[in-house]
Structure formats: structure tokens, C-alpha cells
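Chemist: This is the structure, below, for whatever I ask next.
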């Protein structure tokens, strides 16, 4: 009975979503059919409105074109001049360490026949996926330098990346703003690439010193343990020799000693040894 009820529940769970999907398709088909066959009066009204709009646009021809021209002019103000050539050289290298000074030189060459006035040099870090979003904007360097035709000028700029930016990529944008003798402003993107801020390894800190001390202690303990093991093995392998004196006269050459002395020595060794007290008492009794 329990198995039969579970089968019915499974069938219901499968059939219910299928019914909803089929019902949704039917309703969608009905709505699409209504969209395919609209009322003819609605089409006629839309056509009349479109004709009126076209007539109004023909009557006012210069309203939108003037705005477009102004926008194009505004965009044209920030473009570079064809007679201006720029170069960049990073003095501190292509790496950008965090919380360290980054210096670079910008070269400006006037290849035209009119003077150029270089106004400012600016740099900024931007979001890599969207260069319109500023992450860190540095102070613009005012220059106000006039570069004559067929002349060159170089400018130095430096900035310091923030410490929290270390280890992450950012878009570095370096812009040079200048104008010609007629007063038209121009802007050249000297550098516009994604760079990674590098985190420099600092000197010895507390953790590093503690690690070195710990490793030194381990090495000393290991050397001391090896020394103890080797010393114990050498003691077992080479027993200590104890020096003993001669136990007899076998290895001694006594041929040079007189015979009388040898007889006395043999008698002394054969007779029992008496203590000093007995000797003194015997000597005293003899004298009495």
C-alpha cells in the first residue's frame, strides 16, 4: 500500500510541471496570434504619426546637427596633434613597488612649424575593466613650457602607489596636455596599460628573526644529538686501557745487581712481613 501511494505521488510531481508548461505554451501562442493579427486602424494611426515626425524633422534641419558638431569638437579637443611626438622612459624600471617612488621621463618633440605650449602632465590608476573609473588620481604637474618647432623637451614626473594596492593589477594612464599657437587644446595618452603593483620584501622583522632563531636551535640540537650518539658508540668500540705495574721479576734484567744483594732480597721476600709495632717491641726486648 505504501509503495502504491509513493508511485502516485511521483506521477503527480512529474505530471503537474508538464501541465503547467503546456498551459504556458498555449497562452503564449494565443498572445502571439493576437500580436500577428492587429487591428488595421492601429497601423494607419502609426503611419500617420511617422509621417508627421518626418515632416517636422525636415522643417528643422540644423537643430541636432549642431549638437553633434559640438560633441565632435569636444572630443577633438582631447586628441593628440599629428605634429607632436611623445616618448616615455621609466627611470626606476617597469616594476611598480607599493609605497615606493616611481619616476619616469616624458619626451616631447615638436615636428611641426608652430609653437606648442605644454601645460600639464598627469597620471592616475584606474580600474582595469573600466578605465573611466578612477582608483588613485595623482596631482597634475604644471609645466607651462613652450616648445618651438623642431625642438624637444623632457619632463620628469614621480608618484607613489598606495600600500593597499600591492599585489593587484591596475590601469596606469599618463596624459600630457598641451596646445598649439592658435589656442587649440590637445591631449596625448603617453601610457595606457595595465600594470601590477609589486609588494617589496621588507628587512628582518620579528617573525623572520624568530624563525631564524628557531631553525638555529634545531640545528644545534641535531648536532648535539649526533655528537652524543657517536661518542657512545666510540666508547663501546674502544675499551679504556688501564695501565698496570710489573707483577714480578720475569721481565727485569738483574744481571748487574751483585749476588749478595740478590740473596738479601730473596730472603726478605721469603720471610713473612712483620708489622712495625712487632719490630719495635722485639728490638726493645733484645736491648733489655
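First residue shown is number 1, and so on along the chain.
Backbone N, Cα and C atoms are what each Cβ position is placed from, and that goes for glycine too.
Straight out of Swiss-Prot:
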| type | residues | note |
| --- | --- | --- |
| SIGNAL | 1-28 | signal peptide |
| TOPO_DOM | 29-208 | topological domain 'Lumenal' |
| REGION | 34-69 | region 'Disordered' |
| CARBOHYD | 137 | N-linked glycosylation site |
| CARBOHYD | 192 | N-linked glycosylation site |
| TRANSMEM | 209-229 | transmembrane segment |
| TOPO_DOM | 230-288 | topological domain 'Cytoplasmic' |
| REGION | 267-288 | region 'Disordered' |
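Where in this structure would I find these features, and how exposed are they?
Modeler: Secondary structure at residue 137 (N-linked glycosylation site), taken from DSSP and collapsed to helix, strand or coil, is strand.
A sphere of 10 angstroms centred on the C-beta of residue 192 (N-linked glycosylation site) encloses 12 other C-beta atoms.
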Chemist: Among all protein chains shown, how many Cβ atoms are found within 10 Å of the Cβ of residue 137 (N-linked glycosylation site), not counting that one?
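Modeler: Taking every protein chain into account, the count is 12.
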Chemist: Reported as an integer number of Å, what is the Cα distance between residue 192 (N-linked glycosylation site) and residue 137 (N-linked glycosylation site)?
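Modeler: Per the Cα atoms, residue 192 (N-linked glycosylation site) and residue 137 (N-linked glycosylation site) stand 14 Å apart.
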